[in-house]
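A short worksheet on the structure shown next.
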Amino acid sequence: MILLDGKKLSAEIKAELAQEVQRMKDVGQRPPHLAAVLVGNDGASETYVASKVKRCHEVGFESTLVRLPENITEEALLEEIEKLNENPTIDGFIVQLPLPKHIDESRVIQAIRPEKDVDGFHPINVGRMVKGLPAYIPATPFGIVEMLRRYEVPTAGKHCVVIGRSQIVGMPMSILMARKGEPGNCTVTICHSYTKELAAFTREADIIVAALGKPEFLTADMVKEGAVVIDVGISRIKDDSNPKGYVIKGDVKFDEVAPKASYITPVPGGVGLMTVVSLLYNTLLAAQKKIYS
Ligand SMILES: Nc1nc(=O)c2c([nH]1)NC[C@@H]1CN(c3ccc(C(=O)N[C@@H](CCC(=O)O)C(=O)O)cc3)C=[N+]21
């Protein structure tokens, strides 16, 4: 079993980004600048956004955190987005999800200028990705593909089963694994809440991407010997014996699945860390106008 080590890989990628930022500064260019919009004060969202800001500084990017109150109106949020769209010193920005229930997420995402949509959630970027045109690839699937690439995990001709069909992970992940190229060239099955006999699919899978958001859902009996197992889950489970008051659990029952897997990602220390560096990478592409020239 080989551990797909997100900590090690993300550190490598951060070093590459830092070097590129230094090169930009050396030729008199300003560093890439990422902004994050955080509405309300959900604990997990606070942690993720704080981590994004921290990583920016580690590689020499500028970052701006736009904090807005939980009760902000949709119109006022759209005005904030328009300011970021128009601000020439900001290369890319994200609106942290989920948003409060009274706000239409889809409308907010569509208000982001595609050139600055470093999350890759705008329909223009989704459409471009599906068509194989230059596009920002959503950070979590991008990070997973980068892990498979750097560990040289063979994917061509393999059966990849993606559990979950979310707009931010399952859907783009399926498209990336099926598309021409390496990693890619997979036969892909998308499983979701209406799938009958889900275990019959996962037991056939050479590669499993668990992105359904149910802690320790994938157990050893659901996995073929030698499968590649990618765990996208991050659930906070209350645990008073832990100083933080919670522990993080993935969608995979790691201890029992790991001995059967050829490659597996841990949680924490796996996909989540790759997500953050992929967002930085997209911001670098934005600053260098590599997607939209
Ligand atoms: N507009 C938007 N874009 C996102 O990219 C986005 C989002 N909204 N909403 C929520 C999800 C989740 N997400 C994570 C980022 C980092 C870790 C991460 O760094 N995880 C660490 C530590 C986890 C912890 O300690 O809480 C690890 O897995 O080792 C996890 C998950 C980005 N998301």
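First residue shown is number 1, and so on along the chain.
Just so it is clear, glycine is given a Cβ too, placed from its N, Cα and C backbone atoms.
What TrEMBL says about this protein:
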type	residues	note
DOMAIN	4-119	domain 'Tetrahydrofolate dehydrogenase/cyclohydrolase catalytic'
DOMAIN	138-290	domain 'Tetrahydrofolate dehydrogenase/cyclohydrolase NAD(P)-binding'
BINDING	G164, R165, S166, I234	NADP(+) binding site
Taking G164, R165, S166, I234 as the record's NADP(+)-binding set, what's the max Cα pairwise distance in Å, rounded to a whole number? 16
In the domain 'Tetrahydrofolate dehydrogenase/cyclohydrolase catalytic' (4-119), how many residues does DSSP call helix, how many strand, and how many coil? 61 helix, 19 strand, 36 coil
Same chain, 6+ residues apart, C-beta under 8 Å of the C-beta of R165 (NADP(+) binding site), given in sequence order: M171, S174, I190, H192
For the domain 'Tetrahydrofolate dehydrogenase/cyclohydrolase catalytic' (4-119), the averaged pLDDT of the predicted model is 97
Inside 10 Å of the Cβ of I234 (NADP(+) binding site), count up the other Cβ atoms and send me the figure. 20
Sort out the sequence-distant neighbours of S166 (NADP(+) binding site) for me: same chain, 6+ apart, CB within less than 8 Å of its CB, listed by position. A211
